[in-house]
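Colleague: As annotated in TrEMBL:
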{"type": "DISULFID", "residues": "CYS74-CYS84", "note": "disulfide bond"}
{"type": "DISULFID", "residues": "CYS89-CYS95", "note": "disulfide bond"}
{"type": "DISULFID", "residues": "CYS146-CYS196", "note": "disulfide bond"}
{"type": "DISULFID", "residues": "CYS154-CYS164", "note": "disulfide bond"}
{"type": "DISULFID", "residues": "CYS168-CYS177", "note": "disulfide bond"}
{"type": "DISULFID", "residues": "CYS178-CYS183", "note": "disulfide bond"}
{"type": "SIGNAL", "residues": "1-24", "note": "signal peptide"}
Amino acid sequence: MSQFTKFIILPSLLLALLYVSINTATFDITNNYSYTLWAAALSGGGQQLDLGQTWSINVNAGQIKGCIWARTGCNHSGTNGTNCQTGDCGGLLRCLGYGSPPNTLAEYTLNQYMKMDYIDRSVIDGFNIPMSFLLTSNGCTIGPTCTADVNGQCPSVLKAPGGCNNPCTIFKTDEYCCNFKNCDPTDYSKYFKGLCPDAFSYPKDYENTTYTCSGGTNYKVVFCP
Ligand SMILES: *[C@@H]1O[C@H](CO)[C@@H](O)[C@H](O)[C@H]1NC(C)=O
Ligand SMILES: *[C@@H]1O[C@H](CO)[C@@H](O)[C@H](O)[C@H]1NC(C)=O
Ligand SMILES: *[C@@H]1O[C@H](CO)[C@@H](O)[C@H](O)[C@H]1NC(C)=O
Ligand SMILES: *[C@@H]1O[C@H](CO)[C@@H](O)[C@H](O)[C@H]1NC(C)=O
């Protein structure tokens, strides 16, 4: 090996080691739905997931806050190539921004006070498919799951192709969107809460919604658990 090659390899090894040590979490995202889905993550992008496939993303310390969702009914059409019925992100395969409602969200905030991670699931942007968000290491207890038939029983005014909208998306009022310091659950948010008791059903929903885990935990998101 030439001196020059050593000079190149050593710094890249050190960089790789540094990367591993600041890496805080791996998210394994699995499709257990009967159809093909297009998974999306901020940050992370997106990928087509056939039944049984898993997409792993690494989230490093610099990427503290993020979310993961599924897109359904996607066509390879439009100028950006991947147009989806739910969760669409500007027609891109690899999302750079949030998805269009309705879409069930898995949200995380990593490396907070005392190196704790916070995770939750949210139907504040509505619901497209059930998902579970589990912790896979550090001996943490199992996190939220929502497997109820939210779309089947969706109030007709909230029904959307491929999902069930949150009332804020439809009515856009302060009451439903919770544009106040405090706000109360509404009949529609209670519909979601009844079926997904451990998900955010409106922005100020703090009942059984946030799960805490020590940092360095890895996570597993399953669509249609
Ligand atoms: C996908 O293509 C089908 C058939 O052309 C069309 O009916 C449907 O609306 C398309 N979906 C999207 C999200 O573009
Ligand atoms: C295509 O992607 C670009 C960049 O994200 C975005 O600005 C644009 O609105 C997208 N086009 C469509 C038709 O969604
Ligand atoms: C929150 O969790 C507690 C304890 O498990 C339970 O008694 C309560 O019913 C839950 N609240 C909701 C809205 O599900
Ligand atoms: C996938 O779905 C089947 C039911 O269709 C269920 O029995 C199984 O536990 C699910 N797998 C995961 C990893 O959630």
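All positions are counted from 1 along the displayed chain.
In case you wondered, yes, glycine gets a Cβ from its N, Cα and C as well.
Remember, TrEMBL labels are computer predictions, not curated facts.
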Colleague: Work out the three-state DSSP category of CYS164 (disulfide bond).
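Modeller: The three-state answer is strand.
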Colleague: Considering only the disulfide-bonded residues CYS146, CYS164, CYS177, CYS178, which residue has the minimal Cα-Cα separation from CYS84 (disulfide bond)?
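Modeller: Spatially nearest to CYS84 (disulfide bond) by Cα position is CYS164.
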Colleague: Given the disulfide-bonded residues CYS74, CYS168, CYS178, CYS196, find the one whose Cα is closest in space to the Cα of CYS95 (disulfide bond).
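Modeller: Minimum Cα distance from CYS95 (disulfide bond) across CYS74, CYS168, CYS178, CYS196 lands on CYS74.
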Colleague: So what sits near CYS89 (disulfide bond) in its own chain, CB-to-CB under 8 Å and at least six residues off in sequence?
Modeller: ALA40, GLY46, ARG71, CYS95, LEU96, GLY97, TYR98, GLY99, SER100
Colleague: Would you mind checking how many other C-beta atoms are within 10 angstroms of the C-beta on CYS84 (disulfide bond)?
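Modeller: Cβ-Cβ neighbours of CYS84 (disulfide bond) within 10 Å number 26.
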Colleague: Return only the integer: C-alpha distance in Å from CYS154 (disulfide bond) to CYS196 (disulfide bond).
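Modeller: Here the two Cα atoms are 13 Å apart.
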Colleague: For a quick check of understanding: among the disulfide-bonded residues CYS146, CYS164, CYS168, CYS183, which residue's Cβ has the most other Cβ atoms within 10 Å?
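Modeller: For the disulfide-bonded residues CYS146, CYS164, CYS168, CYS183, the Cβ with the most other Cβ atoms within 10 Å is CYS164.
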Colleague: Measuring C-alpha to C-alpha, could you say which of the disulfide-bonded residues CYS74, CYS146, CYS168, CYS196 are within 10 Å of CYS178 (disulfide bond)?
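Modeller: Those near CYS178 (disulfide bond) - Cα within 10 Å - are CYS168, in sequence order.
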Colleague: Work out how many Å separate CYS74 (disulfide bond) and CYS164 (disulfide bond) at their Cα atoms, rounded off.
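Modeller: About 17 Å separate the Cα atoms of these two residues.
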Colleague: Using all protein chains shown, find which of the disulfide-bonded residues CYS74, CYS95, CYS154, CYS177, CYS178 scores highest when you count other CB atoms within 10 A of its CB.
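Modeller: The residue with the most neighbouring Cβ atoms within 10 Å is CYS95.
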Colleague: Where the distance is taken from Cα to Cα, which of the disulfide-bonded residues CYS146, CYS183, CYS196 turns out closest to CYS168 (disulfide bond)?
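Modeller: With Cα distances computed to CYS168 (disulfide bond), the winner among CYS146, CYS183, CYS196 is CYS183.
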Colleague: Helix, strand or coil: which one is CYS154 (disulfide bond) in, per DSSP?
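Modeller: DSSP call for CYS154 (disulfide bond): coil, neither helix nor strand.
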